[in-house]
Amino acid sequence: MSLSTASITFVGAGSMAEAIVRGLASQKDSDASRITVINRQDTARLIALQESYGVSYAADTASKNRAISEADIVVVAFKPKDAIEGLRSLASLLKPSQLLVSVIAGLSMATMETILGTSGQPIARTMPNTSSSIGLGATGISFSSSVSTEQQQLAIDMFASTGIVSVVEEAKLDIVTGVSGSGPAYIYYMMEAMIEGGIQGGLSPEAAKELTVQTVLGAARMVQLTGENPAELRRKVTSPNGTTQAALETMDAHQFSTGVTKAVLRCAERAGELGNAISSQAAAVETK
Ligand SMILES: NC(=O)C1=CN([C@@H]2O[C@H](COP(=O)(O)OP(=O)(O)OC[C@H]3O[C@@H](n4cnc5c(N)ncnc54)[C@H](O)[C@@H]3O)[C@@H](O)[C@H]2O)C=CC1
Ligand SMILES: O=C(O)[C@@H]1CCC=N1
């Protein structure tokens, strides 16, 4: 089986599901109708996804159950708080031949197995990001022992079609969340601040935004295309006693670098907390 022939059902049709769906649907040889989206409610959202990307949707219980039980790949894309209820509703529908893909932050494969009541389900735990929607995603992925080589390749192909993929040990997925899963938000936050600075300095909002966007794009591409480290490239911008040095000293005075590093680590820690909370809740339900 290849990615172009596999049927994929997304359970949870929010921001992350849409980002992956959009990336998959924009592939050259893609047949978007083999992708089905399901939500807990909100059929209008499913219709909008169908209209935008040509995917199928399932809204009533019988069609939802069929879309789940007949898919080659079932992607769970709901929030951590909905994980127990969502996975429980899948348990009786999944077959051991199906690959279950999770994008849920913090949720371990062991906890998923506890909730599903089986250790036989092939699981790919992933941490993508929303840039998948334009083919520039960065996804960390790891596999349970029951995932076949063919299924591993299928999952890698699926996320590779939306950007880059890094296969990592499961324990590393929380720090992947810290770097790239939540990472786009840090860059947007920085861009918001740069635009605000431009406006305060007298630029129009449009000019401040346009110059900021091109600067971020150019800086990322410079790192990618030159192969130089960000630190080397930064030094080339920074003339002794010049404007950049003055700016970076101001950032240092506000602990910019420490703040960002701490943010990455805190994000990873938070992913662990979210996962532990689901694990404790799942264990409590088990012992009832
Ligand atoms: N938004 C992001 O940048 C990223 C999100 N993630 C992960 O993706 C997951 C989803 O996040 P978002 O898309 O941002 O959330 P969202 O809130 O936009 O979408 C979640 C959707 O799942 C639906 N849902 C909840 N329970 C359901 C159930 N039992 N059956 C069917 N649908 C159900 C909700 O109605 C909602 O439409 C989270 O677990 C998050 O950790 C991972 C990487 C990046
Ligand atoms: O904020 C969150 O919890 C999700 C996980 C990674 C990005 N967004």
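Cβ coordinates are placed from backbone N, Cα and C, and glycine is handled just like the others.
Taken from TrEMBL as is:
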BINDING   ALA77, PHE78, LYS79, PRO80  NADP(+) binding site
DOMAIN    8-106  domain 'Pyrroline-5-carboxylate reductase catalytic N-terminal'
DOMAIN    170-274  domain 'Pyrroline-5-carboxylate reductase dimerisation'
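Broken down with DSSP, the domain 'Pyrroline-5-carboxylate reductase dimerisation' (170-274) shows 90 helix, 0 strand, 15 coil. Following the DSSP three-state reduction, the secondary structure of PRO80 (NADP(+) binding site) is helix. In this model, the domain 'Pyrroline-5-carboxylate reductase catalytic N-terminal' (8-106) carries an average pLDDT of 95. In the shown protein chains, 25 other C-beta atoms lie within 10 A of the C-beta of ALA77 (NADP(+) binding site).
Sorted by the number of other CB atoms within 10 A, the binding-site residues PHE78, LYS79, PRO80 start with LYS79, the lowest. Using DSSP to sort the residues of the domain 'Pyrroline-5-carboxylate reductase catalytic N-terminal' (8-106) gives these counts of helix, strand and coil: 47 helix, 18 strand, 34 coil. Sitting within 8 Å of the Cβ centre of ALA77, PHE78, LYS79, PRO80, and not among those site residues for NADP(+), are the Cβ atoms of GLY12, GLY14, VAL76, LYS81, ASP82, ALA83, GLY86, VAL103, ILE104.
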